[in-house]
There are 4 protein chains.
Amino acid sequence: MANSRFEYVKSFEQPDVLLPNTWIVVRIDGRGFHKLSDRYGFVKPNDRRALDLMNAAAVEVMKELPDLCVAYGVSDEYSFVFHPSCQLFERRNGKLVTTIVSTFTAHYIYLWNTYFPDTPLQPPYLPSFDGRAVIYPTTGILRDYMSWRQVDCHINNLYNTTFWAMVQQGGINNTDAELELKGTVSSDKNEILFSRYGINYNNEDEMYKKGSVVYRQYQLEEPKSKPASGHEDESTPISEKQPSKSQQEKLRKLRRKAQVVVEHVDIIKDDFWERRPWILSNKPGKLPAEADV
Amino acid sequence: MANSRFEYVKSFEQPDVLLPNTWIVVRIDGRGFHKLSDRYGFVKPNDRRALDLMNAAAVEVMKELPDLCVAYGVSDEYSFVFHPSCQLFERRNGKLVTTIVSTFTAHYIYLWNTYFPDTPLQPPYLPSFDGRAVIYPTTGILRDYMSWRQVDCHINNLYNTTFWAMVQQGGINNTDAELELKGTVSSDKNEILFSRYGINYNNEDEMYKKGSVVYRQYQLEEPKSKPASGHEDESTPISEKQPSKSQQEKLRKLRRKAQVVVEHVDIIKDDFWERRPWILSNKPGKLPAEADV
Amino acid sequence: MANSRFEYVKSFEQPDVLLPNTWIVVRIDGRGFHKLSDRYGFVKPNDRRALDLMNAAAVEVMKELPDLCVAYGVSDEYSFVFHPSCQLFERRNGKLVTTIVSTFTAHYIYLWNTYFPDTPLQPPYLPSFDGRAVIYPTTGILRDYMSWRQVDCHINNLYNTTFWAMVQQGGINNTDAELELKGTVSSDKNEILFSRYGINYNNEDEMYKKGSVVYRQYQLEEPKSKPASGHEDESTPISEKQPSKSQQEKLRKLRRKAQVVVEHVDIIKDDFWERRPWILSNKPGKLPAEADV
Amino acid sequence: MANSRFEYVKSFEQPDVLLPNTWIVVRIDGRGFHKLSDRYGFVKPNDRRALDLMNAAAVEVMKELPDLCVAYGVSDEYSFVFHPSCQLFERRNGKLVTTIVSTFTAHYIYLWNTYFPDTPLQPPYLPSFDGRAVIYPTTGILRDYMSWRQVDCHINNLYNTTFWAMVQQGGINNTDAELELKGTVSSDKNEILFSRYGINYNNEDEMYKKGSVVYRQYQLEEPKSKPASGHEDESTPISEKQPSKSQQEKLRKLRRKAQVVVEHVDIIKDDFWERRPWILSNKPGKLPAEADV
């Protein structure tokens, strides 16, 4: 029985290959996590269990997809970054995004009980995530994207920390707290925290203030005198940079050997990137073990 | 601290709204399920537990997204169908696809233990799914898409049933079985099954032969003498059909009341669609309870 | 000398194939024609020479591209319509649009002297056009598109006729005329025209009131008692409708034999389409000559 | 009379904004110029009149669109380049491409009689052009694109020069000439030209060998010791580079003052770009007149 009579419907599928030689960022977001965090009793302003669970799921995604260079998470969102030379799934948008969303979701659900041992999932109210891919043509702009997310983390966390201090410690109701914070700048919030509640924002948990950056760990390098711009690569024609299928597979194997780590550090300044040049260059560094020898 | 310096990176996000007034099919596929089915010892050619789990996850997706009209599943794939009038997420491709992929994955992982009580998941080897959206401009072509999947189900299941009978009952090795089946037509395979292994393919499980169609159940209607083409709608300008936000919400509530059922029936012929006109018309029918009164 | 070192740049070209089985409308618009009409002294509110030139260029486009079904022009814009079964240039968006824009421009420039014998072109101020393709999934929506343009023609022409009567015959300055017309409805404008300037709008030139519809002429048919919806086609799978390459070529030859005509008639009501069923069905009718026999 | 009933058809228009901060190349090609060159008796292998006409039309396009940085033409094709910071028409693909195609066509048709005084156009066989936009993420790749076209020019011209020498001077028929040239490399063709027909390919017209590069002329600069990569810009966030509307207008005015020149020089090596840094930097240089002072 031939299927040819109906097979023409395949012709309606449209290609969605992402422009070559551009950075690919897949950002996923929790769906309806405001409501969900109430249902499952997330601690405000930050629930360490929930954040650790996000990070654990992100680490699994990084391990499963060695083509990923780096990821950055804050609150219920995570950004995963593929290098411009990435050829995974022929750079098909839908395939890349859904694979990350599904893999992340699978581990998030699977690991839930580990991080919330006393709070079982209540179907049908299961956590889920949506996602999208965005491409960036230069390393400078990719760096700006990462900075954007980390600045956002800072802005939101300072706000939330202050808001919940006012509500939880100050006994102010939500509306009044919101009203009072309207129009305040960072220094105002720092002042409220310190003078009223004795909280020094600088002493807050680094994970809450900086978010979480996930990457493969190699031996750190000395920052160069002249900041490594990460841009020199871009003058090289992509034809010379695009690794062959076997080179890609070799690179994947190398990357699988590296440990995936989660850190809570500044990724806006150059230092983070200069000491970990493998993240933007996509060339695996020296494994710490090798370095020790 | 203003975030405006980096916010320009948002301008790189590109719109992905699907053409209005077209059918949207989101098809998801298990990632690497060949390997996965070996790891978790799926029964060949069909593992009822695995198929029941697929169907259970699909039912949850249908319940969570009342905008969905119908879904069809076979093996490790599932197609979810939105009506041309669907306005969910402003018809954004990425949002629709990732929401379905993530919701499906979440329930699949969560329900795993129910359907595979003796086969716990083995991280990091968790099941996951990718997905894509395709749009179809007319009801006729949407029907052809559904037929395409069901014909594919039939072709694959007849092949697999024969192949595994030869291997499991006939003791033939995989390569030889494959070789012998090469170039055979349906009648040949039916003959092999019956004459050699005493299997009447017609008596095989309907779920294996027909796949699973999932939809909201209302009171069945009498087929009209003249086949309902489902096309008359299309002459109505979409402007008149597009429900307002409040109408959409009302429709969603109505749909939530209907029971989501799973059936294993022919969806190629007109009968299925004629008796369930609400699926293609997107107008909820009479609830069975109402009908009884 | 091999070119392979640089050829990778071709991989940056992205596909732009339009969804199969949808109506394709290519609309072109004069660039900066407000200024241009001043420079070349176009008569207000309608310059017959300029409109005749638009129509003449459109006729040439129709002749050169027999795949086109129909075109509709008003002011400095023209819409060209391809049938859902159109396979020209594999339905590549850019190719279809630029071919029409360039062919139209070439004939417009070439024919300028014929229609403006006393007003030579003044380089570098040459007329030019931009364009875009839009796809429509059903015949009903395509009809609505055509109606939209003709209603727009009517609205603009009634406004312009009234405005210029006030300015040219009434000696009112532009700003005052604009101010007075603000908020008026059709009947108000008809009244101004008739009572103040003795103009019965109904007697205005049909071309100005209705715009210009361009199509291949065959023997008119009797309207059916039941309005031909043009939708019956859509239930037929596109696989059966898509003509082969040789059938396409044969159809093109047939169409080339038909005369391309320009009319100024109502295209909102069904009558126009019912009597010329070949326009929407894409099946050439009887040539008038044949009919005479 | 309100048009709202039909206006919903506008919602089918889909956005086509090109990714920010990328080079935009619009390449146009003569439609059916093989046939056309026969009809109008173009001289083989190169018709100076036809190439001069192409260049003249390209110069007009450059003048009309001061946002263009550079253009490169060979045979019946022309590539026009917009800088990554270009905001013209909000970077809408269709608008950019059709504007260039139409403007080019208009001038080509208008100027025909100047370059072909003895060969009037024969309607309906008018020259026309199609076009497409491609975006390139880095300056290195844009340079490779330009090199690709110039290498192509060389390869084709050497072939054509040899082929037509064999046919025109050697009396060999087309098929035999084609056959003999199959598989030959550059040195073979040079040898055939020189030994058989006394033609030193190096002495051929530079326009034929190198194609034509069109740009705004400013005072040439000394090449720097370290090759200017044109890449330093890319580390600058686009937010800081994107000129405001008024800055854009000011830049346009400045550019309009520069003379648009046509040259036939090597654009593969760095020298051309280093001495004319304004082309890739998009910052107008010193006008020659200013320099003289």
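Glycine too: its Cβ is placed from the backbone N, Cα and C atoms.
What TrEMBL annotates here:
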- D:6-137: domain 'tRNAHis guanylyltransferase catalytic' (DOMAIN)
- D:Asp29, D:Asp76: Mg(2+) 2 binding site (BINDING)
- D:Asp29, D:Gly30, D:Arg31, D:Gly32, D:Phe33, D:His34, D:Ser75, D:Asp76: GTP binding site (BINDING)
- D:Asp29, D:Gly30, D:Asp76: Mg(2+) 1 binding site (BINDING)
- D:142-269: domain 'Thg1 C-terminal' (DOMAIN)
- D:222-234: compositional bias 'Basic and acidic residues' (COMPBIAS)
- D:222-258: region 'Disordered' (REGION)
- D:236-246: compositional bias 'Polar residues' (COMPBIAS)
Using the alpha carbons only, what distance in Å do you get between D:Asp76 (Mg(2+) 2 binding site) and D:His34 (GTP binding site) once rounded?
9
Shell list (Mg(2+) 1; ref centroid = CB of D:Asp29, D:Gly30, D:Asp76; cutoff 8 A):
D:Ile28, D:Arg31, D:Phe33, D:Ser75, D:Glu77, D:Phe129
Could you tell me the mean pLDDT the prediction assigns to the domain 'tRNAHis guanylyltransferase catalytic' (D:6-137)?
98
Near chain C, which of the binding-site residues D:Arg31, D:Gly32, D:His34, D:Ser75 can you find when the cut-off is a Cβ distance under 8 Å?
D:Arg31
What is the number of other Cβ atoms found within 10 Å of the Cβ of D:Ser75 (GTP binding site)?
21
Counts of helix, strand and coil residues, the domain 'tRNAHis guanylyltransferase catalytic' (D:6-137), according to DSSP:
58 helix, 33 strand, 41 coil
Highest CB neighbour count within 10 A among the binding-site residues D:Arg31, D:His34?
D:Arg31
Neighbour count, 10 Å Cβ-Cβ cut-off, for D:Asp29 (Mg(2+) 2 binding site): what number do you get?
18
For each of D:Gly30, D:Gly32, count the other CB atoms within 10 A of its CB; which of these binding-site residues has the top count?
D:Gly30
Taking the Cβ of D:Phe33 (GTP binding site) as centre, how many other Cβ atoms lie within 10 Å?
19
Pairwise CA distance, D:Ser75 (GTP binding site) versus D:Asp29 (Mg(2+) 2 binding site), rounded so that it is a whole Å:
9
Residue distribution over DSSP helix, strand and coil in the domain 'Thg1 C-terminal' (D:142-269):
77 helix, 11 strand, 40 coil
